[in-house]
Amino acid sequence: MHNQAPIQRRKSTRIYVGNVPIGDGAPIAVQSMTNTRTTDVEATVNQIKALERVGADIVRVSVPTMDAAEAFKLIKQQVSVPLVADIHFDYRIALKVAEYGVDCLRINPGNIGNEERIRMVVDCARDKNIPIRIGVNAGSLEKDLQEKYGEPTPQALLESAMRHVDHLDRLNFDQFKVSVKASDVFLAVESYRLLAKQIDQPLHLGITEAGGARSGAVKSAIGLGLLLSEGIGDTLRVSLAADPVEEIKVGFDILKSLRIRARGINFIACPTCSRQEFDVIGTVNALEQRLEDIITPMDVSIIGCVVNGPGEALVSTLGVTGGNKKSGLYEDGVRKDRLDNDDMIAQLESRIRAKVSQLDEARRIDVLQVEK
C-alpha cells in the first residue's frame, strides 16, 4: 500500500468509558445503540452481544423510564462491553443507573432539570467516576437558539454545546465528551470544526438520522471521513435505520479506509466485467460473511482478471488474480500457487485463515520477546 503519512489527530483530554480510553491519542472507539425495548432484557442483551462480536467498543442504551432503569441493572450484569445510558428529562433515572454501574451518562444538562438536579447528577457522576456525554442535536435545539438563528446553523449548535460545557465547568466537572450532530453533512461537519477549536474535550462524531443502510452509510462516510481526515474525533457512531450491527461494520470500514484503525479483512475487489474468470462478487460476498470472526488486520485482493490483478496482489497480504480455470494466488506480493476457479471460496477461505494464524503467531512471539 502507498505509504501515506498518518493523520495528525487533534489533541484532547483523556477520559474512560468503562475500561475504554477515550481521547489523548487513544484508538478511536466505535459504538452503536440498541434499538430493542430496554425493558425486554433478553432481546437487549442478545443485541449487545451481537454488537460486541463484530467489534463494538461501547454500546448506548436508551433508558426513558424507571422500569427501563431496573431492566438496565439486569442488562449490565449480563454483558461485558461498556454501556452508555441515554437519559432525558428525569434526573432520577441518571442517579438510578449510576447506582447500577453505568459506564457513561448521555445527557443534556439543559433538559435534565433545574440547577440543583443537574448538580446532583454531576456530583453522583464525580463520586462514581462516571463520564458524561453532552449530546447536542440539530433536531432538538433550544427554542431561544432557534429564534435567534432562524434555523439550525453551525453557530447555533456551537452555542448550545458551549452552554452545556460552561455548565459542567461551573460545577468543576471535566470528565465529559461532546457531540454536535445533525442529519445534514455540511451542518454537522462545520459544527464539529468550530467546536474542535473551542474545547479540548474528546469529541463523539456522528451524522444523526443519516438514513437507511445504503444512504446512511454514504452520508456518514462523507461526513465522518472529512472530520477524521482532519484529525477530529475520538469516538464515533454511524447512525443507520438498519440492524445496529451494520453500524459497527460501517464504522470500522470508514476507519480502515482512512488507515486510522484496522480490524479484520480489508477486501480489495474489482467491480467485474466480461473479463472476469471466476465469480468475483459471489466470492467476496461469501467470504465477508464467512470471515466475520477474524479481527486480525489483513488486505486481501480479489481481482477477476490479469489486467489489474497482479498489481493489486503485489501490495496485498493475499491476492487472487483471475486466470483460465485456475487463478493465481499471491502471498506478500509473491506468486505462490494456483486455485481452482470452481472451488474458489473454500480454497481462499482456507488460505486466509492459515495466513491469519501465521500472523497471530508471529505477533505472539514478538510480544514474548519484548516481555523478555
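Note: Cβ is positioned from N, Cα and C throughout, glycine not excepted.
In sequence order, ILE268, SER301, ILE303, GLY319, THR321 make up the list of same-chain residues 6 or more apart from GLU312 ([4Fe-4S] cluster binding site) whose Cβ falls under 8 Å from its Cβ. If you look up Swiss-Prot, you'll see CYS270, CYS273, CYS305, GLU312 marked as [4Fe-4S] cluster binding site.
Within 10 Å of the C-beta of CYS270 ([4Fe-4S] cluster binding site) we count 20 further C-beta atoms, all protein chains included. When the binding-site residues CYS273, CYS305 are compared by the number of other C-beta atoms lying within 10 angstroms of their own C-beta, CYS273 comes out lowest.
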